[in-house]
Amino acid sequence: MIDRAACEIRDQNDPLRAFREDFVLPPGTIYLDGNSLGAQPAAAAARAHEVVTNEWGTGLIRSWNTAGWFELPVELGEKISGLVGGGAGATVVTDSTSINLFKAASAALDIQAEDAPGRTVILTQRENFPTDIYILQGLARQLGGDYEVRLVDDAEVAAGLPTALTDDVALVVLSHVNYRTGRLFDMASTTEAIHARGATVIWDLCHSAGALEVDLAGSGADMAIGCTYKFLNGGPGSPAFIWVSGALQNRFAQPLSGWWGHANPFDMVADYAPADGIRRFLTGTQAILSMSVAEVGLDIFARADMAAVRSKSLELSDLFMTLVEQQLPHHPIEIVTPREREHRGSQVSITHPEGFAVMSALIERGIIGDYREPSVLRFGLTPLYVGFTDVWDTVEALRDILDNRRWDLPRHQVRGSVT
Ligand SMILES: Cc1ncc(COP(=O)(O)O)c(C=O)c1O
């Protein structure tokens, strides 16, 4: 039997313990939603103040040069590339994940049409985060009905797409970790299977960048996209990233061909000519305030060993699942996150018929996870600021809420526009 004292000892021996000081959390809060919006880095407020007051207020337009604003997409891209195995000069931070997916998918289909004309199917997970599916559907519509978006089950993806990879598949778009269940797919073997059937792959790293070790180049991936506001702690709505393998960079036909992707944006000429390399993934003027603050989150990772982050993440999720089984066996709870470590991201998801109300009761006592339809309570485990005792206290609070039906109050049925 695991008890709280055992969790306290694990916290004392935790090599990542000091990183908790890099984040600001309200007193009395256990924050288990870093898979949705990462916690605030302690240095973020000062950086935001500096950018607004000095760089914008005093530097004014000069700051595009003097404060390095124009270089931020590339500079931050390098920092993310280091975390996802993308190599140098292959990643930029820009736009949102949805927009980057549109750009990447469009470019990938163009390349496929040149290399293997006649392929008309875009595959993605039925259980993918909806924006990925919607963006692909919108792109297919825009391409005049020549393309069809086909949905596959996660089980088929986990098995290496044995039946779905027919000869008409041009592009496969996969989330590396499922946002609802936390299931992790094997990037290297899945990429290999997709390439063996002549298709291109785009990986969505929203739930794996900063959460686990990713090796894009080593896996032979073609393109990747992801956000910075979850495990990378970039702040609400912070810009996303896009990575393109070296072999495809100069074949990347930017569908949103704005001036920031132009070879010489300040020549102000009438014809679009794409920049060589990664600048062509850019479209227009970037959200500098947001990007400057996102850098603070990324810089914390410069001091963090991703192997240690992954190792603690798995220990936290192992502990969470063990405690759910130990403390809550008498409740109608199902753990939907895979038990096998190699199939798990950095969250634990459980279902309960009253999931929404149970999460509301937990949040009321300062334990913040979130809820996703149908009946799923998600608990993000971000090793830089979540400890083993936090996990113990969360499962104990769940036990109290369930044993005493504390969720069964009208106020726990009230839904905001964001769940
Ligand atoms: C896998 C995945 N893709 C995309 C998104 C969101 O994309 P955007 O930042 O464009 O809203 C999310 C958000 O949770 C996600 O989990």
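Cβ coordinates are placed from backbone N, Cα and C, and glycine is handled just like the others.
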> THR66, THR190, THR285: which one does TrEMBL list with THR97, SER98, PHE129, PRO130, THR131, ASP132, ASP204, HIS207, TYR229, TRP259 for the pyridoxal 5'-phosphate site?
Replying inline: THR285
> Of all the binding-site residues given, THR97, THR131, THR285, which residue's CB has the most CB neighbours within 10 A?
Replying inline: THR97
>> Please report the Cα separation of PHE129 (pyridoxal 5'-phosphate binding site) and LYS230 (N6-(pyridoxal phosphate)lysine) in Å, rounded to an integer.
In response: 14
>> I'd like the number of other C-beta atoms within 10 A of the C-beta of ASP204 (pyridoxal 5'-phosphate binding site), please.
In response: 27
> Given the binding-site residues PHE129, TYR229, which one's Cβ is surrounded by the fewest other Cβ atoms within 10 Å?
Replying inline: PHE129
